[in-house]
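Structure first, then comments.
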Amino acid sequence: MSNRLFVALDTPELDKARALASKVRHHVGGIKLGLEFFMANGRSGVRDMAELGLPIFLDLKLHDIPNTVAKAIMALRGLDPAILTVHAAGGRAMLEDAKAAAPLGTKVVAVTTLTSLDGADLKSIGCSGDPHEQVLRLTELARDAGVDGVVCSGEEVAAAHKLWPKGFFVVPGVRPAGGVVGDQKRVVTPRAAVNAGASILVIGRPITQAEDPDLAAREIAGTL
Ligand SMILES: O=c1ccn([C@@H]2O[C@H](COP(=O)(O)O)[C@@H](O)[C@H]2O)c(=O)[nH]1
């Protein structure tokens, strides 16, 4: 992928998403649409955004029993996003069925441990080990289940890449040096994420909430 920067357009407003995408389109390699966009705009909204001609990453983070996830993915047929997310914690059978249900051209990527969680959060939901161990455990599971890659933070991507040299690694929780971290807890800079082995970076607010999103995207892309 020539430009590894995917912009997260986290808004329910189609017009706003379209306007932002038009502003940054020359500095990003793709567009990430998440739950808030999909809940508000559905399939037609995704189709609308695809008209810009950039790859679409549909970040729905599906997590349910295997049959339900597979049927949900089949119901997306026709949209054929470049990338689609499911939660690795759904387990091996769910990951296998998700991959089998997805169109050939769609990379199915498993979320390992949300970048908004730290060790204390994991402990509070009953997970033993720190985020690093949890990411590696779920990376092995995703690899063995036959999906295309994982989502992890820039703090774990080098170790995950070592476990799975042919995997596709999506890294959110990325902030330019000194940027506002917000609700993210495991954060690295764009350059550090790429150096550690990220296949693509997902960056939202540092671009979409900047005074000049076009300039912010250009500056970030320039550091990669
Ligand atoms: O572990 C994860 C998985 C997905 N995300 C998504 O990435 C973007 C990050 O947005 P920022 O504004 O740059 O924080 C957002 O759409 C999340 O849903 C993540 O952050 N962490």
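Please read every residue number as a count from 1 along the shown chain.
Backbone N, Cα and C define each Cβ position, glycine as well.
Note that this is a predicted model, so its numbers are computed, not measured.
Here is what TrEMBL records for this protein:
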ACT_SITE  K61  active site, proton donor
BINDING   D10, K32, 59-68, T115, R175, Q184, 204-205  substrate binding site
DOMAIN    4-220  domain 'Orotidine 5'-phosphate decarboxylase'
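This view paints the features noted in TrEMBL onto the structure.
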{"residue": "D10", "record": "substrate binding site", "DSSP class": "coil"}
{"residue": "L60", "record": "substrate binding site", "DSSP class": "strand"}
{"residue": "P66", "record": "substrate binding site", "DSSP class": "helix"}
{"residue": "T115", "record": "substrate binding site", "DSSP class": "coil"}
{"residue": "G204", "record": "substrate binding site", "DSSP class": "coil"}
Averaging the pLDDT values of the domain 'Orotidine 5'-phosphate decarboxylase' (4-220) gives 97
Excluding its own, the Cβ atoms lying within 10 Å of the Cβ of H63 (substrate binding site) add up to 16
One finds that other Cβ atoms within 10 Å of the Cβ of P66 (substrate binding site) number exactly 18
Cα of T115 (substrate binding site) to Cα of K61 (active site, proton donor), in Å and rounded, measures 13
Taking D10, L60, P66, G204 as the binding-site residues, the residues having C-beta under 6 A from ligand 1 are D10, G204
Counting Cβ atoms within 10 Å of each Cβ, the densest environment among the recorded positions D10, L60, K61, T115 belongs to T115
Same chain, |i - j| six or more, Cβ under 8 Å of G204 (substrate binding site); the result in sequence order is V7, A8, L9, D10, K32, P172
